[in-house]
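Student: The annotation domain '1-deoxy-D-xylulose 5-phosphate reductoisomerase N-terminal' is assigned in TrEMBL to 4-132. Positions annotated as NADPH binding site by TrEMBL: THR10, GLY11, SER12, ILE13, ASN124, GLU126, GLY210. Look at TrEMBL and you will find LYS125, SER151, GLU152, SER181, HIS204, SER217, ASN222, LYS223, GLU226 tagged as 1-deoxy-D-xylulose 5-phosphate binding site. Annotated domain '1-deoxy-D-xylulose 5-phosphate reductoisomerase C-terminal' per TrEMBL: 146-234, in sequence order. For ASP150, GLU152, GLU226, the entry in TrEMBL reads Mn(2+) binding site. Here TrEMBL flags 266-382 as domain 'DXP reductoisomerase C-terminal'.
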Amino acid sequence: MQAITILGSTGSIGVSTLDVIARHPDRYRVFALTAHSRVKELAQQCSQFKPEVAVVGTAEAAQELTQLLRAQDSATQVEYGPQALCAVAGAAGCDTVMAAIVGAAGLEPSLAAARAGKKLLLANKEALVMSGQLFMDAVKENGATLLPIDSEHNAIFQCLPRAYGREPDAHGVAKIVLTASGGPFLRRDVATLEAVTPEEAVAHPNWVMGRKISVDSATMMNKGLEVIEAHWLFGASADRIEVLIHPQSVIHSMVSYVDGSLLAQLGNPDMRTPIAHALAYPERIVSGVGPVDLAKIGQLQFLAPDFERFPCLKLAYEALEAGGSAAAILNAANEVAVQAFLDREIGFRMIDQLIHRVMDRLPGRTVTDLEDLLDQDRDARRLAHACITT
Ligand code: NAD
Ligand code: MG
């Protein structure tokens with residue numbers, strides 16, 4: 001029986017994780033659930049899954065949750081705040097942590113799970129993008145097991161040999177090919193992009209996801225973050241990581257080998273597949289996702305990405321090449337820009353312009369430790385906010 005902590009249980013990944021867990025009560029039980037502000041949803045999850053601990057963002061939210069849980073005679077203990085998140089991620093009572101908080105807020109709890117040597121299922125790509133080497137060192141030094149949930153990275157993981165040790169050459173890996181749907185604006189006239197609304201940007205053609213990652217998919221910053229994520233997970237340099245647009249989202253990514261073989265993982269666009277894969281690894285369990293009906297799909301298309309249409313993708317490659325804190329700065333500027341776009345403070349095209357400006361004025365430098373990294377993250381956010389208001 002695996003005891004699981006789900007960081008961000010009320011989000012899109014969190015809900016999909018609980019859906020898979022509910023199918024296997026003989027294998028998994030929930031140790032802790034966490035949510036930022038959606039207290040009612042969390043209370044419902046607590047009544048179904050009976051975790052030992054539930055964590056929310058603030059004291060007020062904790063009070064509200066406590067009342068809701070009291071009404072249902074629940075034994076779940078309620079905590080709140082960032083320290084409580086780190087505590088449930090590293091607690092002796094859990095074996096496996098699903099890191100599914102969105103953005104930089106997930107960094108410290110994800111790191112806490114790595115430092116406690118947990119089996120760590122990583123959806124929160126921003127955490128790895130920001131902290132890169134620091135994160136991978138924590139995994140290694142503490143004997144944690146890191147399994148990718150992002151569908152592309154999970155696909156790549158499935159296409160690599162079991163003994164793969166982040167050394168492409170040792171295993172004949174020539175390239176990693178990340179597929180991308182191209183998002184809702186793949187074929188839209190570039191001249192009209194400035195006028196797109198948050199509603200249009202979050203309407204992804206194939207996947208149902210949280211708002212932040214949906215906007216990232218529309219700008220293709222999501223794929224940019226995934227290039228950086230792939231670099232850290234698989235030890236491949238930027239020139240070995242290729243992006244290929246594949247509008248059907250059936251091939252979730254591929255690995256190209258020196259002998260000319262190209263291995264791909266296919267599946268319906270449903271995150272329960274990578275979640276079930278990582279939960280049960282190296283076994284296989286039912287996820288609730290049906291088989292791919294290729295005859296019904298009929299055709300798969302592929303095209304090269306256009307950096308002019310998607311400048312965010314280029315910025316991410318530049319941040320990876322620059323190294324140090326450049327990726328954390330890119331990520332921080334992107335988080336601020338996406339939130340400002342969702343709040344209708346800036347237009348869609350301002351997202352890439354703002355990130356560009358922040359990266360220009362704040363070049364990355366070597367990161368000494370977590371404190372230093374968080375300082376640089378804060379500086380980048382401050383500068384991004386200043387760029388919006390001036
Ligand atoms: P979401 O917005 O649906 O959910 C986010 C979760 O994080 C919620 O439970 C929320 O309560 C919690 N949260 C938000 N801000 C917080 C804060 N400041 N402190 C603590 N908790 C906070 O997001 P999502 O789509 O589920 O994505 C989660 C992560 O998984 C992201 O990093 C995303 O890039 C990654 N991911 C998502 C998908 C997908 O299909 N949704 C696919 C691949 C990767
Ligand atoms: Mg992905």
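Don't overthink the numbers, they just go from 1 along the chain as shown.
Every residue, even glycine, has its Cβ placed from backbone N, Cα and C.
Show me how these features fit into the structure around them.
Tutor: Non-local neighbourhood of GLU126 (NADPH binding site): VAL102, GLY103, ALA104, GLY106, LEU107, LEU225, ASN331, GLU335, each in the same chain, at least six residues away, with C-beta under 8 Å from its C-beta.
Packing around ASN222 (1-deoxy-D-xylulose 5-phosphate binding site) is summarised by its Cβ count: 26 other Cβ atoms lie within 10 angstroms of its Cβ, all protein chains included. Taken residue by residue with DSSP, ASN222 (1-deoxy-D-xylulose 5-phosphate binding site) is part of a helix.
Taking a C-beta cut-off of under 8 Å and a sequence gap of six or more, GLU226 (1-deoxy-D-xylulose 5-phosphate binding site) has these contacts in its own chain: LYS125, ASP150, GLU152, HIS153, LEU178.
The average pLDDT the prediction assigns to the domain 'DXP reductoisomerase C-terminal' (266-382) is 97.
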Student: Just to be sure I understand, if DSSP states are collapsed into helix, strand and coil, how many residues of the domain '1-deoxy-D-xylulose 5-phosphate reductoisomerase N-terminal' (4-132) fall in each?
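Tutor: Its residues divide into 64 helix, 27 strand, 38 coil.
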Student: Among GLY11, SER12, GLU152, HIS204, ASN222, GLU226, which binding-site residues lie by ligand 1, judged by Cβ under 6 Å to any atom?
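Tutor: Going through GLY11, SER12, GLU152, HIS204, ASN222, GLU226 in sequence order, those close to ligand 1 turn out to be GLY11, SER12.
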Student: Can you give me the same-chain residues 6 or more apart in sequence from ILE13 (NADPH binding site) with a CB-CB distance under 8 Å?
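Tutor: Within the chain, ILE13 (NADPH binding site) has Cβ neighbours under 8 Å at MET98, ALA100, ALA123, ILE149, GLY210, MET271, ILE275.
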Student: Taking ligand 2 as the reference and 6 angstroms as the Cβ limit (strictly under), which binding-site residues among GLY11, ILE13, ASN124, GLU152 are close?
Tutor: GLU152
